[in-house]
Structure formats: C-alpha cells, structure tokens
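Have a look at the structure below, then the notes.
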Amino acid sequence: MLEQGTISIHTENIFPIIKKWLYSDHEIFLRELVSNGVDAIQKLRMIARTGDYGGDIDHPEITIAIDKEAKQLKITDTGLGMTAEEVKKYITQVAFSSAEEFVEKYKNQADQAIIGHFGLGFYSSFMVAKTVEIDTLSYQTGATGVKWHCDGSTEYSLSESDRTVVGTTITLTMQEEELDYLEPARIKELVRKYCDFLPVPIKLDGEQINKQKAAWKESPSALTKEDYLEFYRYLYPFQEEPLLWVHLNTDYPFVVNGILYFPKLRPDIDVTKGQIKLFCNQVFVSDNCEEVIPKFLLPLRGVIDSSDIPLNVSRSFLQNDRTVRRIADYIAKKVGDRLKELYRDDPQAYARSWNDLGTFVKFGSINDDKFKEQVKDIIIFRTSANLAAPKPEDAGDEWADEKSLVVDGQSYTTLKDYLSRTSEKQGQRVYYCTDEVNQATYVNLLQSQGIEVLFMDNYFDTHFVPWLEQEYKDLKFSRVDAELDETLIDKDKAAEIVDPGSNKTRSELIKSLFEKALNKPNVTIRTEPLKSDNPEGAPPAMILLPESTRRMQEMMAMMQQKLSIDLPNEHTLLVNTSHPLVQNLITLSQGSIVQTSGQSPSAELADQLCAYIYDLALIGQRGLDAEGMKQFSQRASSVLTRLTTMASK
Ligand SMILES: Nc1ncnc2c1ncn2[C@@H]1O[C@H](COP(=O)(O)OP(=O)(O)OP(=O)(O)O)[C@@H](O)[C@H]1O
C-alpha cells in the first residue's frame, strides 16, 4: 500500500453546489423550513411525554410572517428550540441531522415520524435568501436564547438572544429576484401544495392556511363513507364521485399509508400519467408516482404516503429499488383484495361499476401475473342472456349467484358461468360482440337460436380478447360476425331443388345470381338457409369476416394509427336463402319478357336488389365508405322507383 487517506471537501466549493443544485426547485425551501418546525414540535411533544419538559405543548403552531419593507420572511415554531451547542452541531455541520440520535433516544414515544433525515433541508433556504438568521431558545432548563446569522458564505456568527419563548424563528432576508415569496398568495399556495396535511396548524396573518388533518393517517374504522368522499372532493374538486376506494395502512415490513380511489374513467384517459399524490410523512413530494405504483393502477387517484420510498434519489433508481417494488406489489394486492371484497359483498355495485373497474382489472391481469391470479375469477362480462328471468327447471346451483349480477336490466356473467350454461350447446366456443349497434343483426340472429353472446365493447377489449385466448387455450373466441354457427343452418332446406329444369338447388341459383349481379371476384358468396321462426325478421344477407382476417386488419390499422378499420376487400357475403326477399329474387330474375338490350326489366331489378342487399349487409358491418353511401342512396331510390312503377302497373 502506498498511502491511505481521507477525502476532504472544501466547504467554499461544495457550499454553492448544495445551495444551488441540491434542490432544483427554489420553492421547496418553504417545505423544508416548515417541516423542520413540525419536527421540532413533535420532538418537544415526545420529550414532554417522558416528563423531561413541563411547559405548554397544547398550542403548537407554526406562524409565517411577511415583512415586505424589510424583504423578510419569518417562520416561527413552538418546537424544542436549540442551544448554542446544538446550533453548532446540527446547523453548522452540513449534512448532519439530529433525527437519528433523537429517534434512537425517544423511540418508544414516537407516534409521529420525524420528517428530516439528511441534514440538508435547512440549507435550501439559501436558494432564495441573502441572509438567514436563526433565533432560538431551547426547552432545556436554564437554556439561554441564541442567534445565528449567516450571509450565505461559509462564515457565520453566533450571539446571545433575549428570546424568552421556547421555539425557533427563522428569518430569511430574500434575494432581489425571489421577492415573490413575500406575497401572501404565493405562501398560501405553497403551504397548500406541500404542507397542507402537516399535523400542526400553519398560520399566516392569524389565519390557519393548512387543512392539517390527513385522512389517510386515520384508522379506516374511524372514517365514514362521507369522510372518504369529502377527502376525495378536497383533493379533486369538481370531479365525479369515485366508484370505490382502498385504504392502505401498514407499517411492516415497510411503512405505507394512503387512500386510493377508483375514478370513473374517460376513454381518452392517458394511462401513462399518474394522478396519485406522493407524500412522505405528510409532506407532499410529487404528483407523479409512476415508479412507485404498478402501471395499471396509474389512473387511480388519491394519496400514497411512505417514508420508505427514497425520495432524494434519481427516479430511474426507484424502479429498481427492492422496497419500492415490494410496495408496488403490496398496493396491487390491496387493490385486488378490495375488488374481491366488493364482488363478494355487493355484486350489484360491482357490476354497475364494471365498465370502469373492469379496465383496471383487465389491464392489471395482462400486466401482472400475481394480480391476475387474484382477480381472474371476478372478471365479468355483460351478456345477451337474461339472467333475471325465472330460474329454468333444469338450471344448476349457480343460477342463484348469477341472478345477483343483473343491474338495470343488464346481465353480467363470469366466463365460468357462461360456459356452464352454454357448453352443452356451443361446446368450447365463446361468442362475443364488440359493437352492440353495428353487430345487432348478428347478435339477434344468434340470440334467436338460443346462443349466448358476451359483449366485449369496452375500449380496452380489443387487447383483452387475445389475452383471454392465451389464458384459456381450449376455448375458441369468435366475434359474432366471424363465422356461421352450424346450428343456425336449416339443414333440411339446404338441399331442396327448386329448379327442376337445371336440377339446381335454391342455394346454387342464388349464388350465381349474386355473383353475376355484384361482379366482385373478391367477395365470396355463400348461400345458406338460416333457421328462423320468422324468416322475414332474419337478415337477408350478412358479411362474414374470419377472425384471423379481421385481426390482421385491426393490427394494420393500429400500426398505421388509423382510428377506424376498413372492411377488407376479401370477405364473405352470406345470403340467407330462407328470406322471402331472397327467394323472390329467383322468380324475378327468371322474369320472361326479354327486351332488346338482352335483359328483362325484372331481371334488371333482381340485379339491383342483389346490390342493394349487399349494401344492407355492408351497413350492418359499417363497411360503407363515402362513395359507397352515395351509391347506396342512389340505388335505394332507383329500386324503390322501379318497385312502385311495377306495383302501379
Ligand atoms: N426549527 C428547528 N427547530 C429545532 N431544530 C431544528 C430546526 N431546524 C433545524 N433544526 C435542527 O437542525 C438539523 C438539520 O436540519 P436540516 O433541515 O438541515 O436537516 P433535517 O431536517 O434533519 O433533514 P432533511 O435534510 O431531510 O430535511 C435538524 O435535524 C434539527 O436537529
């Protein structure tokens, strides 16, 4: 070894760095000084409890006074004060905090945490002040007042003070460019932002300017529903009421307190931006908790308070911090528990809020395996089944539970219950609808045949269906318009021959009629007689889009950031040969009077009607673009004119 030594720091050089760069935001000086005052008050309280101090501790307060003329801001606390020795020890030694010593000595009395720990906060006052003065009197018997004065250089002076009241006053003489801190409105704003929930009254001109009561520090049993709602309104004024809240309250193995609220979600909510306020011992730290709470819970609102989240380190470090990760897990678990509790205790309320709660549950299930395990069984879907109907005679025991998931005439079900009702008829197939209005034809058709459809029409569901498929590999998820269920086809009618001359079935005739009339090689014409009690009520034709083709289309649209999805050119037009309109087409197309142009007027009408039926099917799929819409209305009036002309002949 050549040499061993101690690294030395030159105060003159490091001091400006501390003053300028430690905290980039100048305004936090007030937070630091006020929280020092609160610490001093808490400490005196603890000391009094051990009997080491007999003075008044019942009127703790921090007063802020502004003297514009002298350009001074004074912050006075009724805390424990300091002796000259302590000023020298704690103030003049930068980065030396009394917290550790103190907490060690009074650990049994600590019901309120001490905020400061680093021994740096006080120096943030030099970011805004030319000179700082401390005037303090210690609670200790026989102590005399002390004045400490420093102009921001490394020199300071210490002198006697004639102060008679225990406590401390910090006087800042502000720098010229920081005079806005002498505006009462600015001070109020800062106190409200950072110190609103500190447990001591903070006064300006005799008026208390902080709320003081931190609801999240109370025991959940001490709070009523109205208390929670009132706190929410206080934090987020003029917002809709929250749906649900979770009170976090643990001090082992880490300290986390907080109240998280589930808000009603807006579809355009930015899920990457958090709205939860992060506190450390009731002092506001930040409005974004991205690193601290699981991503899928970011749209929650409320407060998280933890002294175990290292705050003075870089944000990216937080993500890798083990405690922070465990806190995130803990929060996710608590949220999952709360959701399960609501599902169990008030399924109606759960179902009513499902549209919003579901987004968290689904997003969370996709992103977090542990959370998924927790909530898997409480994922529900709105269903086309009417579960409020009287229990069928052959229904199983689950029926009773299902009934409770009916709200405002809408029924909700879990996947498990869906399968228990449908698997006999539908096997492992799950039918779902993503747009109730535009897919109504399909849903009605399936429903008329006793097939149950789940509505997956929340904006998040496009991402959720593929996940469900991954999770439940033996199930087959089909959107209502993806393919035709075999049970919908009237097998008896399918082979019926209607044209003895050519020996063709009705299906074959209609197929060639449509192929000729539409003349669209990309469109596959499929003809099937659909079962129906009321053939006129069933659709004459529908567009079918295989799941795989549609998904590809959706993916492309997403990549190109398109909002709406065009119908792919290649698709199937399913023509319902049971529909009277379609059946009439055969008769029409075979109309006898052939004109010189080669086609009879009725055959021409039949062609037009084919195109018209195709248009209707496209509308059912929202597949008409502007040009298509124009042609459709032209065709509609032309068809109607022809029909009325024919009828009036
Ligand atoms: N108003 C006050 N009354 C009594 N003691 C005080 C007061 N302000 C500061 N002190 C003493 O000075 C020490 C250093 O204060 P400083 O604000 O620099 O750091 P801290 O509060 O301990 O930690 P942090 O950097 O986390 O705020 C405190 O630990 C405390 O002992």
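Residue 1 is the first one shown; counting continues down the chain.
Note: Cβ is positioned from N, Cα and C throughout, glycine not excepted.
Listed in TrEMBL:
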- GLU32, ASN36, ASP77, MET82, THR168, ARG315: ATP binding site (BINDING)
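Neighbour counts of Cβ atoms within 10 Å were taken for the binding-site residues GLU32, ASP77; the minimum is at GLU32. Fewest other C-beta atoms within 10 Å: among the binding-site residues ASN36, THR168, that description fits ASN36. Mapped onto three states, the DSSP output places GLU32 (ATP binding site) in helix. The Cβ of MET82 (ATP binding site) has 25 neighbouring Cβ atoms from other residues within 10 Å, across all protein chains displayed. Annotation note: THR168 (ATP binding site) sits in a strand segment as assigned by DSSP.
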